[in-house]
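Input: one structure, supplied below.
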Amino acid sequence: MSEVKAKKPMVTDIFVEGAKKGWVIATTSTVPNVLMAFVIIKALQITGALDLMGTVFAPIMAIFGLPGEAAAVLIGAWMSMGGAVGVVITLFDQGILNGAHIAILAPAIYLMGSQVQYMGRIMGPIGTEGRYIPVMIAISVLNAFGAMLVMNLFV
């Protein structure tokens, strides 16, 4: 009996296929979240809400060595990691955040990342009891705050 050997794909074909998948992810997920963050921050600026947020959250964020407006990054991270990155970029571009601030915020973005999305996509469908969700949120927020404290010591 003759065996037919499966043709092994070329490395370039695998690369191109991966690049196509990456492009789809970027254009359907990452870019819209970052763009949304730019628009939200601009709207907050125009309405004066960003200045108000900076004033209200300044005492809390000062504990971490951050300006009050950095709270917008944490709120964005809670909703979407891509959105939080967009907020960081916008606030950096406007001179509100600097490199040290971004280094302090980076771990918090990933520790709090996208909880709102995950609650709807994962926790509901797998049947997580509602009473556990606030505990899960609190744990990740406390982890994020702890990470910001540690980063503030190193930066």
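Including glycine, each Cβ sits where the backbone N, Cα and C put it.
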Which residue range, 28-55, 84-111, is the one TrEMBL calls transmembrane segment?
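When 28-55, 84-111 are checked in TrEMBL, transmembrane segment belongs to 84-111.
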On average, what pLDDT score does this prediction assign to the domain 'Nucleoside transporter/FeoB GTPase Gate' (30-124)?
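Across the domain 'Nucleoside transporter/FeoB GTPase Gate' (30-124), the average pLDDT comes out at 89.
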Is it possible to list how many residues within the domain 'Nucleoside transporter/FeoB GTPase Gate' (30-124) are helical, extended or coil according to DSSP?
80 helix, 0 strand, 15 coil
